[in-house]
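As written in Swiss-Prot, here are the features:
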| type | residues | note |
| --- | --- | --- |
| DISULFID | Cys68-Cys79 | disulfide bond |
| DISULFID | Cys96-Cys180 | disulfide bond |
| DISULFID | Cys158-Cys172 | disulfide bond |
| DOMAIN | 75-181 | domain 'C-type lectin' |
| CARBOHYD | Asn35 | N-linked glycosylation site |
| CARBOHYD | Asn55 | N-linked glycosylation site |
| CARBOHYD | Asn90 | N-linked glycosylation site |
| CARBOHYD | Asn117 | N-linked glycosylation site |
| CARBOHYD | Asn141 | N-linked glycosylation site |
| CARBOHYD | Asn146 | N-linked glycosylation site |
| TOPO_DOM | 1-4 | topological domain 'Cytoplasmic' |
Amino acid sequence: MNWHMIISGLIVVVLKIVGMTFFLLYFPQIFGEHNVSFSPTERPGTVPQIFGSSNVSFTPTESFGTVCPTGWDFHQGRCFFLSTSENSWNNSMNFCKQKGSTLAIVNTPEKLKFLQNISGAEKYFIGLLYQPAEKMWRWINNSVFNGSVISHSHNFNCVTIGLTKTFDAASCDVNYRSICEKSAQ
């Protein structure tokens, strides 16, 4: 008998079992479901009206689907659409809503890197707004943004990403392209 071949085969089997165990152990933690709800505030003059008086529920980071509509980019179970037309932040939100999506919530480093790679040299609105009453940035799902925004000033309550590879404050009334996001099917 060739003991070297048998031992090599056993080592390969053990490594496969260990690898599969780690995969099954960490898969739910990496791709676990996080449901959040968004309820817009109705304070005129602070940030744009997002969805009127309706509530919107969606899962911003998780989906096990793999199919996106034509013209959308797939990343980690989500579909992303980069508009070619420029609109105000409110009109960008409405544009995404008509496509069954929302402005992108860039809440992981992987998603940020992916969007920076596909956005090129353009600036795109995302779903991040400054809340002057709270003096903090919030995503449209009402979660707090813990990063930093460049060039924030009095009337720059919306955010773009793209050209500079950073989160840049922008006027909500200036026209930019937008990034829409929804679950893959």
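Glycine is treated like the rest: Cβ placed from N, Cα and C.
Structural mapping of features recorded in Swiss-Prot.
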{"residue": "Cys68", "record": "disulfide bond", "contacts (Cβ under 8 Å, 6+ apart)": "Phe74, Cys79, Ala184, Gln185"}
{"residue": "Cys96", "record": "disulfide bond", "contacts (Cβ under 8 Å, 6+ apart)": "Phe81, Thr102, Leu103, Ser178, Cys180, Glu181"}
{"residue": "Asn117", "record": "N-linked glycosylation site", "contacts (Cβ under 8 Å, 6+ apart)": "none"}
{"residue": "Asn146", "record": "N-linked glycosylation site", "contacts (Cβ under 8 Å, 6+ apart)": "none"}
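Cβ packing within 10 Å was compared across the disulfide-bonded residues Cys79, Cys158, Cys172, Cys180, and the lowest neighbour count falls to Cys172. Cα distances from Asn90 (N-linked glycosylation site) to the recorded positions Asn141, Cys158, Cys172 are smallest for Cys172.
A helical conformation is recorded for Cys96 (disulfide bond) in the three-state DSSP classification.
Least packed by the Cβ count within 10 Å, out of the glycosylation sites Asn90, Asn141, is Asn90. Model confidence over the topological domain 'Cytoplasmic' (1-4) stands at 77, taken as the mean pLDDT rounded to a whole number.
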